[in-house]
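S.K.: Dropping the structure in here first, questions after.
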Amino acid sequence: MDGKVFNLSHLRSINLTTITSLCAFEYADDNSVASHTEAGLQATLEAFNFAYTKLGLNINLRKTQVLHQPCPNDANPQPPAIVLQGQTLENVEHFCYLGSHLSSKADIDVEIQHRLQEAGTAFAKDRSEWRSAIHHGTKTFEETKLSKAEEKRQIRKERKRNPNRQRLPPNATCPTCGKQCASRLGLLSHLRVHAN
């Protein structure tokens, strides 16, 4: 190679040829050719094949397909018979090009079905992550709930063991022994014990 094939300045240079170039592809992987007539498509593909052969490249005939979109008022649409390198190219109803699904009916039904399928696949992939997150969140919630319930239980136990002396009524102290009762009723019961 002489280093001129991958030189980007060739794309910006002024061309003094009388023939209009078809396309300028650098590192082209997927190509799409559009034509209004079968003869125009045949001529364009032959020009591509000639140019590729001069550059030492080959067209992959297994991957090359023809998508025919007939006119809406065409009563009997016939798919074109395009021949390249002695082989008739496959006519298809729809195919994927650069991430979009093109249809011979020129509608978006196939594209919508494909997008829905991709969305379902994406959600199915994330399903285990969602389940894990929900399980972890539920477990954390339950642990927090149990620990707070245990704290409240311990606080109630402490109150029963050591009642808060500030909450007692002012005259609930036994005059005999000095015991402080939780209520006046408790003081009366305690005084009966002393009376017996």
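Cβ coordinates come from backbone N, Cα and C, glycine included.
Bear in mind that the values here come from a model prediction, so they are computed numbers and not experimental data.
Under the heading compositional bias 'Basic and acidic residues', TrEMBL lists 143-153. Per TrEMBL, the feature compositional bias 'Basic residues' maps to 154-164. According to TrEMBL, the feature domain 'Reverse transcriptase' maps to 1-102. Residues or ranges marked as domain 'C2H2-type' in TrEMBL: 172-196. Annotation comment: TrEMBL describes 143-173 as region 'Disordered'.
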S.K.: Across the domain 'C2H2-type' (172-196), what does the pLDDT come to on average, as a whole number?
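M.R.: Result for the domain 'C2H2-type' (172-196): average pLDDT 80.
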S.K.: Taking DSSP states H, G and I as helix and E and B as strand, how many residues of the domain 'C2H2-type' (172-196) are helix, strand and coil?
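M.R.: The domain 'C2H2-type' (172-196) comes out at 12 helix, 2 strand, 11 coil.
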S.K.: With DSSP as the reference, give the number of residues of the compositional bias 'Basic and acidic residues' (143-153) in helix, strand and coil.
M.R.: 11 helix, 0 strand, 0 coil
